[in-house]
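K.L.:
Quick one: the structure is below, and I'll ask about it shortly.
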Amino acid sequence: MPVELPKELVEDPFWVRLPPPIRSMIVFALLFGFTALLGIAASKGGKESDAFVEGVPWTIWRTIAGAALAVFVVLTVQALRILQRPNEWGIFRAPGRRRRYLLLAAIGAGAVVWFRVRHPVGGLELPVQGLGWRTRTVLIAGMVASVPWLTIVWLAHAECHDLEKEIPRGTNGHLENNYMAAMQDEPGESEHLRSAVERLEQLWQLLLFSVGAFTFGVVAAVASSGALRGAFVAAYPERADEFPPANVLMYGLLFALGLSIIAVPMAVQWRNRAQQLVEHACPLPPDGKPTAEWVESRQRIEQLLHLDISILRNPLTILSVFAPLLISALAAFLPQVAG
């Protein structure tokens, strides 16, 4: 008898069902293909330009920029997969809201690209033909990849906000609002508590996944900027002050600030909902005196919902703040990158 695949596996796109080695080969093919594309017709024809485009600093930039483009492609595909099947990530399927958020994110990304194209930073010069389109390709690809992920973060934030609302969701494959049902049950007798906790867990995983995706994109962009500085310093050592390490550090700082602005509102909203659920499931005893059993029960739920982790040890803080700053520092000052 032929073996039937699970429904969720059958519904996955073909590329998701590919064996891991094949997927790895595809990613490597993208890396080498983009690296080669960024090096096409790079020389201006003189000896200086020929020597530069064949040198190590320019090769390093092409490789890092090619890797960034490959990362952007993979992130975009994964984000589109999440948007196609939001229920698996704890998001209410709302096509109208999804379209609005996609449009807003696209407008924002387009505005950033337009501003950077119309107002290039610093007027960087290198002995490379068509340097502008090569660097703009990385910028545009990064902005395109950010559109679906920004949409996902907004959808998840809206979902956390709507959990406390009475919204009918039992039709057309929509998720039941088990969080609201759990909050309406009597403490200690909630038949919906498990579903509510699982829902919050889904949203927490989505939040980590989203911030992780943005962090990968930021690391790729900052590393590309640092490699470009390394190439500039290698070509014009006497003009190193025109592209100081502080520029790359500022780049990382701006990205860290942007990531915080994106992630913190949703994280705060999620934490509020999780804390409200804990307070309802484990209310303080009537006499106001915590018992050992009460403390143990409360701690178990808090650990399950990651509420026992301090802000500094929280993965979101590490991903959204420290990672961009660390990568920008390395990209600016490591000799093999910064020159």
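Glycine is treated like the rest: Cβ placed from N, Cα and C.
Caution: TrEMBL annotation is automatic and unverified by curators.
Bear in mind that the values here come from a model prediction, so they are computed numbers and not experimental data.
Marked as transmembrane segment by TrEMBL: 21-40, 60-80, 101-117, 137-156, 203-228, 248-268, 316-334.
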K.L.:
So what's near the transmembrane segment (137-156) in sequence-distant terms, Cβ-Cβ under 8 Å and 6+ beyond its ends?
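P.N.:
That would be 38, 65, 68-69, 71-73, 75-76, 79-80, 82-83, 86, 89-91, 94, 97-98, 101-102, 104-106, 108-110, 112-113, 116, 203, 206-207, 210, 213-214, 217, 220-221, 224, 262-263, 266, 270.
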K.L.:
Checking distant contacts: for the transmembrane segment (101-117), what same-chain residues at least six beyond its ends satisfy Cβ-Cβ under 8 A?
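P.N.:
Apart from its flanks, the transmembrane segment (101-117) reaches 136, 139-140, 143-144, 146-148, 150-151, 154-155.
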